[in-house]
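The structure under discussion is supplied below as C-alpha cells; questions concerning it will follow.
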Amino acid sequence: MGLRVVFMGTPEFAVPSLRRIAAMKPQFETVLVVTGCDKPRRSKNSPPEPTPVKQAALELGLPVLEADDVSSHEFALQVAAARPDVIVVAAFRVLPPEVLELPPLGTFNLHGSLLPAYRGAAPVNWAIINGDAETGVTTFFLQKSVDTGNIITMDRTPIGPDENAFELLKRLSEIGAGTVERTLTMIADGAVMPEKQDERFATKAPKLNRENTRIDWNQPVQRLHDFIRGLALKPAAWTTFGGKSLKIYKAKACAIETAPDEPGTLRIADGRLLVAGTDGWIELLSVQAEGKKAMDGELFARGLRARKEMLRFL
C-alpha cells in the first residue's frame, strides 16, 4: 500500500483534486474524505444535499466523514483513526494544531492565489476586482496562523480580460489538481524544499459581504468592469435602484463619444442599458432585480423607456 492520504474539502473547487488523488493508486491510498454535513443548498426550505466533495467521494467508493465541529477532540480522534501519512486540504475549514500535527509527512493546503498575495477567504474574487493580469494556485504546509505556512510549490496562469470569478475558479480547480499531484509526489520522494512566505508582499482577500460587494459608481469604467466580473456569478455585485437592490452579473465597457453624466446615471442607447462611470459608460449585459429572475440588460431597459425622469443607481 502507498502513502495514506486523508483529503479534506467541501465545494466544487476541491473535487478535481480529490479525483486526481484517487487516481494515483497504488502510490497513494485515499483512506478518508472529510467534508461538511448535508444541508439545504438551493434554498432554506429545500431538502438536505451532500457537498460536491461528498458526492464525488461516494462515486469513487471512498469512505466519508461529515465534520460538524473540526475543533473538537472527537474529530481529531476520528482523523487519527485513519492513520494518515499526509493530509490534503482544499477549501475546507481552519483546522486546530491537534489535527494539523497528526500526519508524519505534514498537512498541506491548496490555495487559490500566488501566496503571500491574497491570504484569506476570497482570493480569486479579489485578484479580478483589483484588475490583476495573473494569478495561480499555491500548495503550502498548514500552521496555526491562516495562509502563512511555508510554500511547497505553485502554478501561475493569466487572467482573461473578461474572465469572471466563476470561470477562473473552475479553471484554477483543474490547475490545482495538477499542483496537488505534483506536491504529493514531491513529498513521497522527499524532494520538498519549503520556502518561507515573504511578508513584504502579503495582501489580504477578506470574506465577501453585503457591504464590500456594493458597487461604487464613482470609479473609472475599467474598475467597474473588474468589480462586476470579480463577483460573478456569486455573490454578485449589486446596486440600489428604485429603493430595491439590483444584482449585476455581466457588463462591458461601452465606446461612445458622449461625455458621461454624473456617475451612476442610466442611459438607454439603441436599446442598450448604459451606466456612467467617471470616465465613460459601461453597458449592463445581465442583471437581476430584487424578487425577479435574471434577465439581459436590453430586456431590463425596455421596462425603463416609458420613464421620463433621470434614472440613477445609488
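From the backbone N, Cα and C atoms, a Cβ is placed for every residue, glycine too.
Swiss-Prot feature annotations, pasted as is:
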{"type": "BINDING", "residues": "Ser113, Leu114, Leu115, Pro116", "note": "(6S)-5,6,7,8-tetrahydrofolate binding site"}
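How about a rundown of where these features are and what they're close to?
Secondary structure at Pro116 ((6S)-5,6,7,8-tetrahydrofolate binding site), as computed by DSSP, is coil.
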As a test of the contact definition, list every same-chain residue at least 6 positions from Ser113 ((6S)-5,6,7,8-tetrahydrofolate binding site) whose Cβ is closer than 8 Å to its Cβ.
Arg119, Pro123, Val124, Ala127, Thr135, Gly136, Val137, Thr138, Ala205
Which of these binding-site residues has the least crowded Cβ, counting other Cβ atoms within 10 Å: Leu114, Leu115?
Leu114
Taking the center of the Cβ atoms of Ser113, Leu114, Leu115, Pro116 at the recorded (6S)-5,6,7,8-tetrahydrofolate site, which other residues in this chain have a Cβ no more than 8 Å from that point?
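Everything else in range on the chain: His111, Ala117, Tyr118, Arg119, Pro123, Gly136, Thr138, Asp147, Met154, Gln197.
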Identify, in sequence order, the residues in the chain of Pro116 ((6S)-5,6,7,8-tetrahydrofolate binding site) that are 6 or more apart from it along the sequence and have a CB within less than 8 Å of its CB; answer 'none' if there are none.
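In sequence order, the residues whose Cβ lies under 8 Å from that of Pro116 ((6S)-5,6,7,8-tetrahydrofolate binding site) (at least 6 apart) are Asp147, Thr148, Gln197, Asp198, Glu199, Phe201, Ala202, Thr203.
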